[in-house]
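Input: a single structure, listed below in structure tokens.
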């Protein structure tokens, strides 16, 4: 018989089992045949953070390792063996370190780091008074205590310091994970394994810390370290299509946001690059919500890059910036003193909705004609194709359109999610991708010369339910709307599907859940620069039938759109203020106020001395 204190657990287990059997009779039989979780959860042993409960998943969906203060010590055989089994035997694709607010381990380390007896050079720190100095708990929490001490929070109140410690602890364990041999080997073998850092807020019941770039930028940089043969990335380009709320973007209020993003991205690049190399911002540009930031390694491209230019254009109604593109261009001279090569990066956001494919193609032609850079004579006559290397990032908004007879037409989100888990199914589904079909069309003049990796190797990047790692919304057919295309001057127009650029990695990042899109990342290895005795940089080789040309009215179109942006954006912003965050309510308030004023005026009342006794 179980102990009296434990009897209710057995009773609850029986009730749960009965409930599951009634809902899914085959569940336990299937569960006994094996497990195939996609996620390894490395969390705290705290009883208030049970992973299956707080994520509302069933047994078999999460592989788990928990310890005091969610640590990942590189010398800990227990967590290392769990990681190895998860990645190599179970095929886990996502490893998540999960911290939580009000962590007792973090609080104890904060107290120990600020005590008079703390010795930062000691092999083992005393964290829990009354225990032997070398007690297991003191040994376990010593690395975290030293991390806390390095944060220099002694003058910060505990209530304010603890959240900072919890977040920094998660970041440190993510860094440790990225150095684990299992992860290194997986990345070297080109396995898709992602490392994430989350924080669970006990008071809110969810992740109380906004997701930042650690969930997608850091793993990308770590992957690049190993896939590029231990060489750090020379150039890092980060693109956003909705940097800030549209009314603020149209109003031109993006400066603070882009500066904050720049500082955050640069910090993450340098924190996660091989040997902590220094990077510098080549340039950044924003138009509406479309933004692009390009960085380069200090010891390489950043030292020599010259002729840096930015450009922008809107392709929305009246050439407004609700849709459009921005670009960054620069030249890198050759090491032999030659003119070198020109790099052009473009971020685009095209018209939405499946039926608007002709509008998306028109957007692209408009961008080619108006996203212009200075030519040799200083005039804005150089198109995005007048370059040695071209990279296009963006929410291009091309959709998967299934014919009426397709078995998945009208399928539920759960069915589509299960189907898309299979790469074979995704490869079949790609045949209905509008962008792929458009690029295959011999008569098309859109995206001429651009190449792309095998996008179907990752799940559709849109449209997800916000807050969900792997659940699609019922409102749209899942699609690969977010894409990265590229080409280089040695690519031949006779081989439109082949490129001298090697695509080392092309995937999405499911762990980012604050948007209905998943970020898409690509790691590209360019061919070594060739000898070029010409005084001009090499340029892309386009088909004879295609000669991109600048629009004669490019400047007029751009600034017409800019003026409309500011007028519409600021009216929208004022209505949002009137509506306490909702432009619709603000418009209602404005109309009601205008009506009240009109009624007052028609009633004959005014505020001049001598009429109706008013002053």
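Placed from the backbone N, Cα and C atoms, the Cβ positions cover glycine too.
Keep in mind that what you see is a predicted model, and the values were worked out from it rather than measured.
The feature Zn(2+) binding site is assigned by TrEMBL to 44, 46, 100, 103. Counted within 10 Å of its Cβ, the other Cβ atoms near residue 100 (Zn(2+) binding site) come to 24, all protein chains included.
Residues or ranges marked as domain 'Inositol polyphosphate-related phosphatase' by TrEMBL: 191-532.
Residues or ranges marked as transmembrane segment by TrEMBL: 571-600.
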Cβ-centroid neighbourhood (8 Å) of the Zn(2+) site, 44, 46, 100, 103 excluded:
43, 45, 48, 49, 69, 70, 99, 101, 102, 104, 105, 106, 166, 200
Under 8 Å between C-beta atoms and at least six apart in sequence, can you list the same-chain neighbours of residue 46 (Zn(2+) binding site), or say none if there are none?
100, 103, 104
Non-local Cβ contacts of residue 44 (Zn(2+) binding site) (under 8 Å, 6 or more apart, same chain)?
66, 67, 68, 69, 70, 98, 99, 100, 103, 105
Within 10 angstroms of the C-beta of residue 103 (Zn(2+) binding site), what count of other C-beta atoms is obtained when all protein chains are considered?
26
